[in-house]
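Down below is the structure, laid out as structure tokens.
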Amino acid sequence: MAISILGAGAWGTAIAISLGSKKDVILWTHNETTFESINGKRESDKLPGCRISDNVSVKLAIEDIINASVTILAVPTQSLRKVCQQLHNCNLKKDVAIILACKGIEKSTLKLPSEIVNEILPNNPIAIFSGPSFAVEVARKLPYSMVLACQNNTLGSKLVSELQQENVKLEFSNDIIGVQICAALKNVFAIACGIVLGSKLGFNAHAALITKSMSEIKALYSAKIGDGSVDINTLLGPACLGDLIMTCTSLNSRNLSFGFKIGNSDNGFNVQQILSEGKSVIEGFSTAESIFNLAGKLKIKMPICEAVYRLLYESASIEDTLSVLIS
């Protein structure tokens, strides 16, 4: 099974390194510098020291990847619509399975990644690849656990077999909505946890915040499903609890580090300046706005997410934010 990966950031490249040890992989990037760097030294600047196998070919033209039987989309969620439109314009075959490896909610429409793909590429089957997985550890082939969510059991089982690696425990799920909700929310909660840690409020407050975060995940998950139901296996599995713990406790998390810098700013902070200092996308920044608006649309209360939103977008004070986060 030929595999293409769209997005040569840290995460997309890490997946390419992992799969490329035994399979032929096509990695697409729109960035000429990234293209030349990987082709020249077989290494990404985002993952120094992690060699990219010769089984991985890098392409600049999106037309060069459309013949693969599986396409993994590892682009930022806010760029997903544009990439899907490019695939549509290239007449992507209807039998090509699309695996979404991006996390977030589109700001302009409040749609999940799967809903964006269904809108633009309605005939292509969809799966979700999510769980606790820092790109650098995946690239170094350290052990990790993930969820492959797909509503088609036959296709899902086939994709699990294709993506399975010796160092990966890959679980199957039918819950594509729950897995995506959990994946998006954990980045916002990681920012909140970073603010608490940066403000030196201690690990007790940190642990309490993570615990309260699960209630907000359940609330949005239930409202999005529409009938009030949730899958306990999703909530307590790698895609939710596992990813939440990892993202909210390690400074390897871009979102936690972002929040930490805000909380640790003794003389005030500038959100845009902190964002510009990073080399990678802080998905939780965009997702905070999406979640705030989606919660309003669904008429549910999410005080932690609202507090993070008001801090990032409405210049709420650290003091007012912390009063919510540790209440």
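Cβ coordinates are placed from backbone N, Cα and C, and glycine is handled just like the others.
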Further NADPH ligand in Swiss-Prot, beside TRP11, HIS30, LYS103, ARG254, VAL281, GLU283, within candidate set ALA61, ALA135, ALA223, ALA307:
ALA135
ASP243, ASP266: which one does Swiss-Prot list with LYS103, GLY131, SER133, LYS186, SER253, ARG254, ASN255 for the sn-glycerol 3-phosphate site?
ASP243
By Cα-Cα distance, the member of binding-site residues TRP11, ARG254, VAL281 nearest LYS186 (active site, proton acceptor):
ARG254
SER133 (sn-glycerol 3-phosphate binding site) versus VAL281 (NADPH binding site) - Cα distance in angstrom:
16
Name the secondary structure element type, per DSSP in three states, that contains ARG254 (NADPH binding site).
helix
Cβ neighbours within the same chain of SER253 (sn-glycerol 3-phosphate binding site) - under 8 Å, at least six residues apart:
PHE134, ALA190, GLY194, MET246, THR247
Could you check which of these binding-site residues, TRP11, HIS30, LYS103, ALA135, GLU283, sit within 10 Å of ASN255 (sn-glycerol 3-phosphate binding site), going Cα to Cα?
GLU283
